[in-house]
Amino acid sequence: MTTAVGRISDRGWFDVLDDWLKRDRFVFVGWSGLLLFPCAYMAIGGWLTGTTFATSWYTHGIASSYLEGCNFLTVAISTPADSMGHALLLLWGPEAQGAFVRWVQLGGLWTFTALHGAFALIGFMLRQFEIARLVGVRPYNAIAFSAPIALFVSVFLIYPLGQSSWFFAPSFGVAAIFRFILFFQGFHNWTLNPFHMMGVAGVLGGALLCAIHGATVENTLFEDGDDATTFRGFEPTQSEETYSMVTANRFWSQIFGIAFSNKRWLHFFMLFVPVMGLWMSAIGVVGLALNLRSYDFVSQEIRAAEDPEFETFYTKNILLNEGLRAWMAPQDQPHENFIFPEEVLPRGNAL
């Protein structure tokens, strides 16, 4: 009789866990998943809970949940009260002292959602790094995704850290984001900021490049079959090109006089434009956190003040910003009890 003795594995628990995390399954987990999935679950769950049940009466003096009659466009998880400063508002912290209802009333769901959301986005970027390493491709997807992460962190975390409290961050909601955009314009003249201009150029330029690239590829597809649709005219694993780069180059050379000479430079440019635009916008928001000014054309302001017949679109915008500040502040910050006398409210030939 033969006795088979099993070989005892000399692998440690770390190697076993590493194999399990990187196992080929329908939804890849990986080490990054240990950060991504719990944080994403908490952030999404916190947002759904807050927009369904939580009021903003104690922080902003408004209604912000489905339970109070709001719809999808007007619900929000509002920022904490201005008096909370930059407290993390932990459920067990000195502010809420373990009372869940009090924690929600003070705005604890906002810090909960913001921090878990930030770590979830970082986990998603690390997930792309991890899968790229396992598959054996370059990590440019993760590098590209760093741009929206930078923008999220700068707007939702760094900007309010530069201000007096979390109160001045955007609340998590559609209409709430619109309010924040108006606030940015009125108090920082954001649209005239060069970093915002670079961000707009990057986003719109990226959209234009995508549209041009997609149309050009569709225009120059090889007719590999007699099917009615071009989607059946190729095999996903074929070694041959599915469109003609030479024809595309000739087409755009005739239109602009110049064209991309190879696919590598073309696709790098499509990556570079929107990513750098978002990065520049994020840097600009960090500047606003420090209350840095955008372009100020003081000479035009002085001349407009002295000459009622002189105005430019810049001086018009300055007056509009003053109106936003004067009329928005009492509504946006009711706890300050702002009362502006009539003589300081903006008036002039631009309004």
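Yeah, the Cβs are placed from backbone N, Cα and C, and that goes for glycine too.
As annotated by Swiss-Prot, transmembrane segment applies to 39-59, 123-139, 151-164, 206-226, 277-293, with the evidence given as sequence analysis. For His116, the entry in Swiss-Prot reads chlorophyll a ChlzD2 binding site, with the evidence type sequence analysis. Taken from Swiss-Prot, the feature pheophytin a binding site covers Gln128, Asn141, and the record attributes it to sequence analysis. Positions annotated as chlorophyll a PD2 binding site by Swiss-Prot, on the basis of sequence analysis: His196. Taken from Swiss-Prot, the feature plastoquinone binding site covers His213, Phe260, and the record attributes it to sequence analysis. The Fe cation binding site annotation in Swiss-Prot covers His213, His267 and is backed by sequence analysis.
A map of Swiss-Prot features onto the structure.
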| residue | record | contacts (Cβ under 8 Å, 6+ apart) |
| --- | --- | --- |
| His116 | chlorophyll a ChlzD2 binding site | Cys39, Ala40, Met42, Ala43, Gly46 |
| Gln128 | pheophytin a binding site | Pro139, Asn141, Ala142, Phe145 |
| His196 | chlorophyll a PD2 binding site | Trp190, Ser281, Gly284, Ser294 |
| His213 | plastoquinone binding site | Leu266, Met270 |
| Phe260 | plastoquinone binding site | Asn249, Trp252, Leu266, Phe269 |
| His267 | Fe cation binding site | none |
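When each of the listed stretches 39-59, 123-139, 151-164, 206-226 is scored by C-beta pairs under 8 angstroms to the transmembrane segment (277-293), 151-164 comes out highest. Neighbours of Asn141 (pheophytin a binding site), defined as other CB atoms within 10 A of its CB across all chains, total 15. Tertiary neighbourhood of the transmembrane segment (39-59): same-chain residues 65-68, 70, 75-81, 104-107, 109-110, 112-113, 116-117, 119-120, 123-124, 167, 171-173, selected by CB-CB distance under 8 Å and a gap of 6+ residues from either end.
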